[in-house]
Structure formats: structure tokens, C-alpha cells
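Okay, so here's the structure we're looking at.
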Amino acid sequence: MSKLGVLLTICLLLFPLTAVPLDGDQPADRPAERMQDDISSERHPFFDRSKQCCHLPACRFGCTPCCW
């Protein structure tokens, strides 16, 4: 078991986790841009243009406003 600990310590010293480059283009890192890129409700495939709202099943997938 101590050999495994030594190996793990050596690996962490040679390649620390902070050296891993983070991908700054991921949407989770930029919530404001993610909201701008989000599909608008009027263009949502389940948006009912005649009622100007989304049916209940579509509301579960982020389409708003909902037809109640």
C-alpha cells in the first residue's frame, strides 16, 4: 500500500492538478453568454404562435411562457 502512495505522490508532484488548463469556452464558465445563445421561446419548436405560449410538455424543456 505504501508503494501506491509513493507512486501517487510522485505523479501529483510531476503533474499537479492545477497545471491542467481549464477550457474557458465552456458555457458553464460564462453564464451570461450562455443565456444570450439560448434559443428564444418564439423560435422554440413547441411554441404555439396562435396562442403565443408553449404547451405544458414543452415548458418542461425550457419553453416559456406556458399555456396553463
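Cβ atoms here come from the backbone N, Cα and C positions, even for glycine.
What Swiss-Prot says about this one:
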{"type": "DISULFID", "residues": "Cys53-Cys67", "note": "disulfide bond"}
{"type": "DISULFID", "residues": "Cys54-Cys63", "note": "disulfide bond"}
{"type": "DISULFID", "residues": "Cys59-Cys66", "note": "disulfide bond"}
{"type": "MOD_RES", "residues": "Pro65", "note": "4-hydroxyproline"}
{"type": "SIGNAL", "residues": "1-19", "note": "signal peptide"}
Intrachain C-beta neighbours of Cys53 (disulfide bond), sequence separation six or more, cut-off 8 angstroms: Phe47, Pro65, Cys66, Cys67
Cβ-based isolation winner (fewest other Cβ atoms within 10 Å) among the disulfide-bonded residues Cys63, Cys66: Cys66
Sparsest-packed among the disulfide-bonded residues, when each Cβ's other Cβ atoms within 10 Å are tallied, from Cys54, Cys59, Cys67: Cys67
